[in-house]
Amino acid sequence: MSLTPHQSLRHGVVLLTAQLVLACGGGEPKPPPATDLTPPTTRATPAGGDFTTSVVVTLACDDSGGSGCAATHYTLDGTTPGTGSPQYREPFTLGSTTTVRFYSLDAAGNAEAPGSVTYTLVGAADTQAPNTVASLASGSFSSPRSVALTCDDGEGSGCAATHYTLDGSVPTQASARYTAPLSIATSTTLRFFSVDRVGNIEAVRQARYVVDTDAPQVAASPRGGTFTGTRTVTLTCDDGEGSGCAAIHYTTNDAIPSLESPVYQETLVLTATTRVRFIAVDWAGNVSDVVSEQYTRETSMEDHSAPTTTASPAGGSYRSAQSVVLACTDNAGGSGCAATYYTLDGSTPTTSSLRYTAAITISASATLRFFSVDVAGNAEPAKSEQYTLDTAAPVTTASPAGGSYSDAVTVTLACSDSGSGCQETRYTLDGSAPQEGSPVYAAPFSISTSTTLRFASVDQAGNVEQARQEVYVLPNLDQLASEQIQAVRDAPTGPVSLVINGARITYVKAAVGSAVNDAAGFFLQAAQTGPALFVAMDAGTLSPAPQAGARVRVTVSEKFVVNGQMRVRLSAYNVLSTGHSLSDLVQQVSEVDITIGTPPDHESEYISITGTIGGAGFSVAGLGHVQAPFTTAGVPAGSSGAAVLRLRMVEPLHDTLALSAGCSLTVVSPLWVFLNATQSAHTIQPSVWEQGQATVHSCPAPRVTEAQAYSRNSVIIRFSRAIDAGSVLPDGSQFSIPGLSVSEALALNAHEVWIRTGNQTPRQQYTVTVASSVRDMRGVGVESEGGSTSFPGYQQPARLRLSEVAPNVAQGRDVVELVVLESGSVMGATLLDGNTILATLPDVQVALGDIIVIHLNPDRVTPGADAPASETLSKSQYPAASYFWNYDTAWDFHGTTLGVGTGNRTLRIRDGFDVTQDGLAVTVSGNTFAGYPALLQALQAEGQWLPASCNGALCTYATFPSAWDVSVDWSQAFVSQGRAYSVQRVGTADSNTWEDWTFGGSTFGVPNP
């Protein structure tokens, strides 16, 4: 059995097959050959060498001309063959490296010398190409180098040859053959490969040798110079055709850079004046010269303001994806916007966040946060916009649900929206579908009659819910309660016993000022068109305490009238339910003449009225209150009703609301009315007891009403409206006075500004002009036409003291006497009853010891009674012979139309600068006027009444001593009317106590005894 070469290699078996070829003669015998003395020759085919597969060897004997070949012997183990060695008979196969030794014999017995052939089998095991390495790796060098190429074929057939090129071309077996180390003297690309003995060729390898003797060039961009804000500096290196730049080293501390200095890796950011020094080194190790650049920061024109970025559209709720544009603007003269950064996940953006390049598409709810940086490096604080994408409509429920009820129902509408959130709920009570003009739900509302309620909500994204409906069936409680209120109004005054069931409380009023005129209580009403009642009972005496929106059942026990107003008291009070809306009771009366009717048609009813404050402005309207003419569409100026329609409010709200003549506002509150014995018609008083009851729509620009010299080098300027103190510049530049410098300004209070001036000439006329940049509390500037006024130069004010009072003269024509303690001017001095001005004194120069008599509510109608005006020229300008109420020994001045009030009160005399010079505290024994303790305490706090406290506590009716104990008891002054008796100071006593005063026959016009 013999194996093919392929099989022998596969099984690793070496087979040797020998064939002996014998040359046998045949035929007839020949004659003996000639004598043969030459040995044969034997040739092996193929010739010896390297083989990758098994080799079939043929031995051929040649004995031409001789006796012929007889036999060929051979060995395969390297021994010398002999006749005992195997005889060649046929070709044999060699499967491994073998030395075949052989010889032949001819028929004559001649033997040739043994021959030898070696067959080297590298076989199929060598399939790996050799590996060649260069003794010098690629690199940069500053001098020539010698490179050796070494081939290694491992366990293979061995390296046959290595070929190379030095010009960068791809080497082939035709390229130069490596025989000795190569000399590299210039920059060279060496490419090489080897081939082994069996023809395996390795991939071409390459080494780059840069022979570089030149240093690189290094530069800075921009070059040195001046800059503002920050300066970014880029360092660059250029090594031309050399080995290439390896690194740049630099310093910013004036040190000379070396290879140990910091390596330049990123742009330098300079924020201060800096010298940058730097060098470069190439891969061959060549180092450049040091380069230096000086950068000087110029701070005078720098931009220190951050830019401002806005998002459009702004955050909100939307029903579809939004394309949001971020717009950056820098301040005028700034460095300009550099970049805007943002996030969409609510995280705080940084300069590593997404950079804004184009409109941002928001297709799902997201929190967009963003900020911008300008070229100067100023970064604005991050801003945030919330975008909510919502496509689902909200859901609204009514509680309680529709049904049959025996009493009024308070309905709450609750909107729910899991997306953008509810925006508003609109509803109707007449069964019609709610729409944009329907009422907006703001608070629970009361249903007191059978009603079909329909409602729907819209969310912040604009999704509108389909209208829902609830039907409520109940008796008409409001109608029944209204009829019961009308029965009380129709009943005669005095004791009654009438029930009102189901009326609502529209407002709970606290006592302010006079406990009689302005009593505490609450208003009852059941229907929008009235009627209504005022229950004159302090809320603190009832339980639970009355509150607006409560529905009550009461029993009226007494009906009475005070100052023309119908009032009631109760014997029973029960709260049926609370929290009812009052919106359905508000009656719009702006276009109605509410002054008609006796009693007035709208008395105590819950009204909404819009009008304008008349030109006369505000005046005192009872203790703690002020009032002003009020004109409406229904009661226009000049109409008969205009004379009795007044806007009335508690004093503090006058300034809080910054009201003055010309202001337009809406008042929503119960209607107050007033009628005293001297009036023929009710005063109709839409009233503001709380700030929320008034909505101011507009007011005229503030005007300068008065200027008054406060000292030789200062002036107080008064305005028609409350001034915003923040609009007054402290340097006084908004105030100009020809002939005087102005160097300082200060807002003293809502209506007064103090300014410092140059020294004034006494009584010389000056004009002050105020700039429109001085604004009122609504932001309106002083009008140009009303921005100036004149005043005389400073005059020393007189010092005055109260000396005598006749408080019980008919028709309020009371008399108050003052004595002059220091000469000077009395211009602008005021006499006050509590906080109400009774008189403002004219510009008169008075002397020490002069007497001043103030005539209140002067009688200028009765011939020969009071003079036509105050005396300003002399004490006898209007002699007593012509005007019997005048005193020729005193200055006779006129007051307002108000007289001194009765009961407990305080009187003050203040100079033109509102400094209290003297005071008087008076009471009527047993009178408990609620506002008096505060007035007394204020006078004590000013140092004008002693003791300063009641045994360490604020004086009240309950302290010891009590408010009565420390006050002057002037009860006797009200026993009989007239001027014959008065409360008067005892001589010149002035201990600021009740002991300074007594009651007796009057001595007006002359010093007190």
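In case you wondered, yes, glycine gets a Cβ from its N, Cα and C as well.
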Looking at the ranges 297-316, 417-436, which is given as region 'Disordered' in TrEMBL?
297-316
Would you kindly check 46-113, 137-204, 222-292, 400-465 and say which stretch has the most C-beta pairs under 8 angstroms to the domain 'GH29D-like beta-sandwich' (313-382)?
400-465
Under DSSP, the domain 'GH29D-like beta-sandwich' (313-382) has how many residues in helix, strand and coil?
0 helix, 34 strand, 36 coil
Per DSSP, what is the residue count of the domain 'GH29D-like beta-sandwich' (46-113) in each of helix, strand and coil?
0 helix, 33 strand, 35 coil
Summarise the domain 'GH29D-like beta-sandwich' (222-292) as counts of helix, strand and coil residues per DSSP.
0 helix, 34 strand, 37 coil
